[in-house]
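Accompanying notes for the structure given below.
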Amino acid sequence: MSLGYAEKLSFIEDVGNVGMTEHFDSPKGFNIALRNEEDFLLAALLQLVNILIERLAMMIQKSKHLVVFTGAGISTSCGIPDFRGPKGIWTLQREGKVLPEASLPFHRATPSMTHMALVELEKAGFLKFLISQNIDGLHLRSGIPREKLAELHGDSFMERCPSCGIEYMRDFEIETIGLKETARRCSKVGCGSRLKDTVLDWEDALPPKEMNPAERHCKMADVVLCLGTSLQITPACNLPLKSLKGGGKIVIVNLQKTPKDKKASLLIHGLVDKVIAGVMEFLSLQIPPFIRIDLLQTLFTQALSLDKKYVNWTLTVTSVHGNRAPLPFIKSVEVSFSEYQNMKATVLDKQPLQLKRRSWVQAVETTSCRNARRTVKSANPFNIMMKLNFSDGCKCSSAEIKIPIDFKISAHVFNDDKDSILQNLRESAIVDPSCGQTAVIEKKVIMVPKSETMVHAIVTNIVKFETTCGDLNNGSLKRKYEGFNGIIPSRKRSNGRRPRVVNGR
């Protein structure tokens, strides 16, 4: 998340323990090469780690109701730093050190290997519910169903209607925090209430909509797997303990020691991605790739001039979230036309992205269904070619869209199934990982004034995860097409009210 988030929070001096020491059950997160006899001790440690990972995998395999509880540690490999570790945001602040610059915007963060492994565990029927303290929105973006997710501290990319409860997932970071009103309204017919952000400020209580199902599932759980969290932030940190009364077990995978370690049936100190990669290999499950598809809409409007010599038309490229919403993944749009058209190419680089032109009208003789001939006035059809130049963080630099213009607006209904189109787009992206694939998923026509709106889906990021873990002795984890090194401050929670850490470990 951008450093601007820290400025939005109410001031608080005490952020709790920082600079916490990180521990590994073996050096460098299990990645050790055997070089001589002295390394046999390290090999023994690695063998122990493998045993712990296999034990975790077996617990997951045998579980009836697995609940996962996540913190900032699952997002550090995405380029989102933690806050209490040796290089955590709050640690650096307390030491008076300069915070690292965000090399890419927060909205372009992509899910980690652990995020995508959890998606596969849910699809395979193991994961029953997921609880997160993070506000980075990566669990939803990765594909975890909303009904199986509790985001205790909110989501930087979600707005909610206080009247009807509809949630809106955005592709841009919401401008406010603290459950404040935003600049947009609910689009539900008959509602129209002003929307609110969902990220908690220091004094905001955990929302019952998130807390209640989290408590219910923890009480039902036979295994609660805690990943990348220091389990310090009350009351969230006490949720896993609710499984103990019913005979459930707690597993903690974290680099730092936690206050709940003594309650755990299994404790693993190591990089979460490496541990989860080993678990997935033991379960013979593949970690799926992450395919990011962004949406934009084009609006083409036309009107005959008063002297009826021209058709005045306007092309607008805008967000699907509204004309006033930002379009963060687009840097500029290069617009060109069919060769025979006497119109100059242009570049749109300021939002709202809008182009106004006029086309000559000419008389055209047509034949009706009764063979009666008539003369109508129309402009020559042509094609608009748009080269979309993407902002930093997208895997490819651009994509191209062609929009055919024939000035004949019809009330034809676009009946193609949106979900099927998106699924086909994902599958084509996996086969051809060059990125930039596009498809039209929606089309709307208005007769008065004459306008046509098309919603375009564009593949902007593809992340494939390569795991060659074996026994984790010489194993490696590769995250292909990484592109984010942003910063997301967080908070802790005290006295049962204030969240002290958002992406908190």
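Each residue, glycine too, has its Cβ placed from N, Cα and C.
If you check TrEMBL, you get these features:
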ACT_SITE  His153  active site, proton acceptor
BINDING   Cys161, Cys164, Cys186, Cys191  Zn(2+) binding site
DOMAIN    46-286  domain 'Deacetylase sirtuin-type'
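Cys164 (Zn(2+) binding site) sits 21 Å from His153 (active site, proton acceptor), counting Cα to Cα. A Cα-Cα distance of 22 Å separates Cys186 (Zn(2+) binding site) from the residue listed as 'active site, proton acceptor'. Recorded residues Cys161 (Zn(2+) binding site) and His153 (active site, proton acceptor) have their alpha carbons 17 Å apart, per Cα-Cα distance.
Just so you know, the Cβ of Cys191 (Zn(2+) binding site) picks up 13 other Cβ atoms within 10 Å once every protein chain is counted. Listed in sequence order, the residues Pro162, Ser163, Gly165, Ile166, Arg185, Ser187, Lys188, Gly192, Ser193, Leu195 complete the 8 Å Cβ shell around the Zn(2+) site centroid, once Cys161, Cys164, Cys186, Cys191 themselves are left out.
Across the structure, Cys191 (Zn(2+) binding site) and the residue listed as 'active site, proton acceptor' are spaced 26 Å apart at their Cα atoms. Taken together, the residues of the domain 'Deacetylase sirtuin-type' (46-286) have an average pLDDT of 91. Looking at Cys161, Cys164, Cys186, the binding-site residues in this record, the fewest other C-beta atoms within 10 angstroms of the C-beta turn up around Cys164. Of all Cβ atoms in the protein chains displayed, 28 besides its own lie within 10 Å of the Cβ of His153 (active site, proton acceptor).
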